[in-house]
Structures are given as structure tokens and as C-alpha cells.
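If you check Swiss-Prot, you get these features:
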{"type": "TOPO_DOM", "residues": "1-27", "note": "topological domain 'Extracellular'"}
{"type": "CARBOHYD", "residues": "9", "note": "N-linked glycosylation site"}
{"type": "TRANSMEM", "residues": "28-52", "note": "transmembrane segment"}
{"type": "TOPO_DOM", "residues": "53-62", "note": "topological domain 'Cytoplasmic'"}
{"type": "TRANSMEM", "residues": "63-88", "note": "transmembrane segment"}
{"type": "TOPO_DOM", "residues": "89-96", "note": "topological domain 'Extracellular'"}
{"type": "TRANSMEM", "residues": "97-122", "note": "transmembrane segment"}
{"type": "DISULFID", "residues": "99-180", "note": "disulfide bond"}
{"type": "BINDING", "residues": "106, 288", "note": "serotonin binding site"}
{"type": "TOPO_DOM", "residues": "123-142", "note": "topological domain 'Cytoplasmic'"}
{"type": "TRANSMEM", "residues": "143-167", "note": "transmembrane segment"}
{"type": "TOPO_DOM", "residues": "168-185", "note": "topological domain 'Extracellular'"}
{"type": "TRANSMEM", "residues": "186-209", "note": "transmembrane segment"}
{"type": "TOPO_DOM", "residues": "210-266", "note": "topological domain 'Cytoplasmic'"}
{"type": "TRANSMEM", "residues": "267-293", "note": "transmembrane segment"}
{"type": "TOPO_DOM", "residues": "294-299", "note": "topological domain 'Extracellular'"}
{"type": "TRANSMEM", "residues": "300-323", "note": "transmembrane segment"}
{"type": "TOPO_DOM", "residues": "324-436", "note": "topological domain 'Cytoplasmic'"}
């Protein structure tokens, strides 16, 4: 969102020879700006293709991300290249009629990017605070309607005022000859900045703060529920040997620490997202208002702050997928050279050996899956009858369940002798024995 066409009562800038190009350091500046442009276009294009080609990513929530990446891609392809030429040469070097059109696209694309960030925060807010009702509230037609509304508002805040000359009402300043800068009046700047930045920023702060509070509350509830369930399970177990003193409290502290770390990670994630948004865009809008009030911002400083705002379109496709596991996995499948490290879960002690095969309660997707719990013995598989050696760590082995075998046959738990085994059942589900 930059810059400023026209003298008083004219929607086109004043033209003349203009200042010469910057004599020193222009090569390094051009190289840096080219890197920003290429990175912005490549990253946003990659993520748009990734969402469109990976079935796991085609959901309602990612509609908003596609809209965000589309607006950021337009910033990289339509807005940044003319802005780079304008910064390097110190004047508008393209066709005279393109100045107003480029300025309108500049305002529209950057405003659409900010409004899409607001929609993403709203979507996350509904998903976290009411996950059971989310599918009913955020349907695909409603998501598309919100996206269309955001783009319509961005277009109305850019093309309509500039074409009708509303930005010139009450203005008494003219740009330098050969410049393409939007020297808008103070009323226009206040209204446009409020609609496209300050109101969406307030909504983003509100939703992310509510998400943070909800994440902390859920972490505390899950920690207390888990420790309470573990304690109740211990009271009902027939323990053949006396557990070590302090074992229960140590495991409870470990679980509480785990959920505290999750809440801290959520806090850091939201802090990074909010921090990057305000660091990149807030200086520009403050300078834009100051420029309309006192004309005390130099063109060079204004260009730097403008490019800082453009960099938000570069950071969005890097920051948002960075904290989303689905994007990491899809990117690893889409790009063979990218290897995502496996997820590390807290190691739990393996259960004792037994000659039986166990089936978890959660085996809804496969009635044929069994959980191999033996460490050193061999289990006769119910299908082939061939022995199968079990590793030291639990692993899933897909086997057809014999016809007539109930999904959860009655029988005592396979193991229930210590707190660690109870925690294992809390994590992976209740375990029932299945006769071979």
C-alpha cells in the first residue's frame, strides 16, 4: 500500500524529468528487492498449488489461506515490481496511465491481505472455542461469502475512492514532478486506514487473545483430568507389588509440565503471528497518517516503511504453514527433497510380555488392526498363523480379524500392574485381549 498520485483536483501525477536514479548502492538495493519479489511469488504460488493438489488440505479452513496467499501473490507480481522501479529510479518510469491503476491495485491487494488475516483469526476463534459447532457454522458457502466480502471491501476502499477523486477532498499539496504518490487528504486517510487496518487489527487482537486464553484453560483442564483419571485408575487396580514412593506425583507433574509446554507453545505461536503483523504494517499506517497531517515524512523513509509492509506478504506463506502439521506433511510429500522429521511422542515404558494380541477401543477405522504389545515372545497372527516377532516398542500391524470375532470381546485387561501401564491405556485406549 503505497503511495500517492496527483496534484490538487487531478487524479494523475505531475510529470516532468524527475530526479535522477540513486547514484550509490542501487545494485545492492535492486538485488535485495528482487529476492523479496521472487520469494514472495514463489512461496505463495507453492502453497496455493499445495492446497489445491493435496486432498488432506482441501477443507473449509484452508479456503481462507488460499485467499490470503492469492492476495499476497498479487502483491508480489503486480505491486512490488513497479514499486521497485519507483524506488530505484526515484520517479515513475512506466506509462503515465498506469500510475493510478497501480496505486489502486496496491491499496486493494494489501487491504485484502490484511482482511484475509482477520478472517483467518475469526476462523481459528470459532474452531477453538466451539469445535463441535464449527462444521455447522463455518460451511463452505459461508466461507466463500466471507472471502468475497473481504475482497469486495478491499476493492471498494481502493478503486472507488481513487476513480471518484475522494482522496483529493480538502487536499492542498501536490507531489513532486514525475512522482506517483498518493497524497491523500486527512479524512480519506483516517477512514481508509480505519476500515482496512485498525478495525481488522482490533478484531485480530481480540480473537487471538481469546484463543490464547481458551488454550491455556483447556491445557489446565486436560492436565487436571488426566492426573485425576490416573489417580482414580490406580485406586481401582489390584497392584501385586507396592509402587515406589512419589511415583504418582512424579508422573502427575510430568503430565502437567507437558500441557504447560503446549500452552506455552500456543502462546509463542500467537505472539509471533501478532508480532510480525504489527511490526510490518503498523509503522506504515502511522507514517501515512502523519504524512497527511504535517507532511513531515521523507519519501525515502516512506518507501522503506512501505516495503516493510510488503514484506508481510513474504512472511505469511512462511509463518502460517510453519505452525501447521498438515502443511509440513503435505510439503514433505509434494517436494521429495523435503524430509519432515518424525513426530516425537513422550516415551512410555513398554507393557509386559504376553502371548495375546490386543485391540484398542479406537480401532474404528480398521477392525483388522491389532496392537502388538509383546517384547520378546512371538504372537501367532489370527490370519496366517505364522509367528510374528514383536519389537521392543509398540507398533501397529494390520491383520484381518477372524470372522465372528467380536470387536471388543469380554475379558480382563492384558496388563494393569503399574502407573505407567495405566498412563499407557489413557493415551492409547483401553486394551482387551483377543484369543488367538
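Including glycine, each Cβ sits where the backbone N, Cα and C put it.
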When counting Cβ pairs under 8 Å to the transmembrane segment (63-88), the leader among 28-52, 143-167, 267-293, 300-323: 28-52
Distance [Cα-Cα, Å, rounded] between residue 288 (serotonin binding site) and residue 99 (disulfide bond): 19
Inter-residue Cα distance where the pair is residue 99 (disulfide bond) and residue 106 (serotonin binding site), in Å: 10
Interface present between the transmembrane segment (300-323) and the transmembrane segment (186-209) (three or more C-beta pairs under 8 A): no
Same-chain residue ranges lying at least 6 outside the topological domain 'Cytoplasmic' (123-142) that approach it to Cβ under 8 Å: 60-61, 63-64, 207-208, 210-211, 214-215
Sequence-remote partners of the transmembrane segment (143-167) [C-beta within less than 8 Å, at least six residues beyond its ends]: 5, 9, 11, 60, 63-64, 67, 71, 100, 103-109, 111-112, 115-116, 118-119, 122-123, 182, 184-185, 188, 192, 195-196
Residue among disulfide-bonded residues 99, 180 with least C-beta crowding, 10 angstrom cut-off: 99
Three-class DSSP secondary structure - residue 180 (disulfide bond): coil
Within-chain partners of the topological domain 'Cytoplasmic' (53-62) [C-beta distance under 8 Å, separation at least 6 from its ends]: 123, 127, 138-140, 143, 326-327, 329-330, 333-334
